[in-house]
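Undergrad: Structure incoming, see below.
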Amino acid sequence: MKKLANYLWVEKVGDLYVFSMTPELQDDIGTVGYVEFVSPDEVKVDDEIVSIEASKTVIDVQTPLSGTIIERNTKAEEEPTILNSEKPEENWLFKLDDVDKEAFLALPEA
């Protein structure tokens, strides 16, 4: 598992790379009230993926890896507070495929 600063986990699960919010980010932003996925399926490093509005701030999450978005947590658009959950199966943001393995390995360890 990789960790970007204090805000994003990246975990390789099978052939996919799952991106989720860290507990630090959840604490920093407060209760999530609005989520909008803004990216196309094909993304490059630093592309904005999702915009999150929470009680303490608004953030735009960018991807540290290039690849193809296979799945977005669209349930979070309907029920944004699930991103405040401690459960990984609820607080994930998106899943990438076609990722350069070396680029993933170069990310900081969690």
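One-based numbering along the chain as shown.
Glycine is treated like the rest: Cβ placed from N, Cα and C.
Keep in mind that what you see is a predicted model, and the values were worked out from it rather than measured.
Pulled from Swiss-Prot, these are the listed features:
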type    : residues : note
DOMAIN  : 10-97    : domain 'Lipoyl-binding'
MOD_RES : D27      : ADP-ribosyl aspartic acid
MOD_RES : K56      : N6-lipoyllysine
Undergrad: Take the C-alpha atoms of D27 (ADP-ribosyl aspartic acid) and the residue listed as 'N6-lipoyllysine' and report the distance between them in angstrom, rounded.
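TA: D27 (ADP-ribosyl aspartic acid) and the residue listed as 'N6-lipoyllysine' have their Cα atoms 9 Å apart.
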Undergrad: I'd like the per-state residue tally for the domain 'Lipoyl-binding' (10-97) from DSSP, helix first, then strand, then coil.
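TA: Output for the domain 'Lipoyl-binding' (10-97) reads 20 helix, 42 strand, 26 coil.
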Undergrad: If I restrict to non-local contacts, at least six residues apart, and a C-beta distance under 8 angstroms, what lies near K56 (N6-lipoyllysine) in its own chain?
TA: D28, I29, G30
